[in-house]
Amino acid sequence: MEKNATTERPEQIDPKTSDNRVVIFDTTLRDGEQSPGASMNLSEKIVIAQALRDLRVDVIEAGFPIASPGDFEAVRAIARQVQGPTIAGLARCQKQDIDRAWDALQDATHKRIHVFLATSAIHREYKLNMAKEEIVRRAVEGVTMARAYCDDVEFSAEDAARTEPDFLAEVVERVIEAGATTVNIPDTVGYAMPNQFSDLIHHLKSHVRDIDKAIISVHCHNDLGMAVANSLAAVKAGARQIECTINGIGERAGNCSLEEAVMAMRTRRDYFDLETNINTRAIFPTSKLVSNITGLHVQRNKAIVGQNAFAHEAGIHQHGVLKHQETYEIMKPEDVGIKSNQLVLGKHSGRHAFRNWVEEHGYTLSDEEFQRAFEAFKVLADKKKDIYDADIEALIEGGLNRQDTPWQIVSIQTNAGTNAIPTATIALLHAGENRRVEEAACGDGPVDALYKAIERVVGFRVRLKDYQLRSITRGKDAQGEISIAVEIDNRTYRGRSVSTDIMEASAKAFLNVINGYINQRERSLANAAAGAEQLVGARP
Ligand SMILES: CC(=O)SCCNC(=O)CCNC(=O)[C@H](O)C(C)(C)COP(=O)(O)OP(=O)(O)OC[C@H]1O[C@@H](n2cnc3c(N)ncnc32)[C@H](O)[C@@H]1OP(=O)(O)O
Ligand SMILES: CC(C)C(=O)C(=O)O
């Protein structure tokens, strides 16, 4: 499944020659992935990178290639497959990191090596054990090594917001001299206040020789809820790149939220007089995709993409909006990809209306995906009186991660109640072998009983690490979303499912994990067998 690429990517504008263009550097796949619990696999990262391309971000930071073979592979695959934006790879100021980043970026059309080194006193003394002179030397060395490979090099002075401004200016001047084309000023621990951060950018602009030879970037964390405010204060002061993530995910309290920064600059163009290249209509679908894949839910009242962001409950507001939308709406929901006029879909709707909905919401489904989504929609419409957009989105997005085989549900029965021993009976079909197996079990609750019965059918045990139930739509017949994390062979697998019946959703989420594990194990065995065959073939 791929989101529509809505419009052509316009010629890249160089912010050094256009005073009011702000570069959007997305780090959902790198800093965003540093959110505890947000790890993504290779195919999920590629799907997100494609969505970021369609959103028209300027730079995708695809990962930190030295961090792990998986990170390296993800950066390499995105560099190969996602054309348009610049692809960046992160590296410490050391040769092996820079070499690894360069290897991973080889196939990208536009590539950037992003080197970083902390500059603040606390990081120098306690973390790096380096004096100021060594910091300058290592930073210059890092940029020089990266420039030997690549024309586009970014240097980040980690913890810049807590660095002595004059020392920061010295580092920035020296890395520009060494060839850095972007200099990033991170508020790594979310400590800055907007006026102070703005003063810091002014300080660099007035104290760094040749500051105009590089783009000033900012990378703000949200520990005090200031990430967006600080980023906006910085662009007002002359920074021309914002590093941000979808839904503001990232290390600890997260990063500057892309959708908030972009929509603030767009909605208050009168104040900022700045532009980005973002296709704002792709914001909402991208937000949904990221939340679906990472399992990090967006709070209802989150600006721009929260479920309530464009909802009016109060009578006085509703009255105002009915008379004139702008009385209580400063942005149009359509501008961020949220439909304002809902086409009401229900059990009597046919394929045309459903296809219309799918296309209007920015999805491109293959014939098979469409048919599966339509059938699932009909089943849901039979069970549920009111179908909301969120119901259908859940149903389509759910298809993205679905591991349908080999084990499929034939029937589920659970029994629980006060003073009753919870029991579950399940019948599963092994699709490949056309084998039907039934098992029953007791447990500490109906879900525990259900999971034990499933373990008996598939023949192995797993450890449930996390189980979350959330209502994702409204009404008595709301759909429940189950998100689980399960440990098998020392690895964590995640599963998710949505249904009006939470026992069914629980079983499907569990089978999602079991099937994912079985499929992956089979792929590894097949790869190992192919490798062994090659070795045998290669023998003299
Ligand atoms: C602010 C940020 O978000 S920066 C990015 C943070 N992201 C991550 O750390 C996620 C990925 N990280 C990892 O997978 C690992 O930390 C690795 C692979 C990078 C390094 O792992 P290890 O070699 O085991 O080192 P570890 O993480 O324990 O310690 C970091 C080392 O890097 C050094 N270091 C930290 N930053 C830098 C830098 N910018 N340049 C050079 N060296 C650095 C530290 O001094 C320490 O060195 P030491 O081993 O000589 O004491
Ligand atoms: C590597 C840098 C940009 C970073 O993530 C930070 O300082 O938070």
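Glycine too: its Cβ is placed from the backbone N, Cα and C atoms.
Listed in TrEMBL for this protein:
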DOMAIN    22-284  domain 'Pyruvate carboxyltransferase'
BINDING   Asp31, His219, His221, Asn255  Mn(2+) binding site
REGION    408-540  region 'Regulatory domain'
For the binding-site residues Asp31, His219, His221, the one whose C-beta sees the most other C-beta atoms within 10 angstroms: His219
Counts of helix, strand and coil residues, the region 'Regulatory domain' (408-540), according to DSSP: 50 helix, 51 strand, 32 coil
Cβ-based neighbourhood (8 Å from the centroid) of the Mn(2+) site, residues Asp31, His219, His221, Asn255 excluded: Thr27, Pro186, Thr188, Cys220, Asn222, Ala227, Glu243, Cys244, Thr245, Gly250, Glu251, Gly254, Cys256
Segment confidence, the region 'Regulatory domain' (408-540), expressed as mean pLDDT: 85
Collapsed DSSP category at His221 (Mn(2+) binding site): strand
Those residues of the chain, 6+ apart, with a Cβ under 8 Å from that of Asn255 (Mn(2+) binding site): Thr27, Asp31, Gly32, His219, Cys220, His221, Asn222, Ala227, Glu243, Cys244, Thr245, Gly248, Ile249
Where Asn255 (Mn(2+) binding site) sits in the secondary structure, as DSSP reduces it to three classes: strand
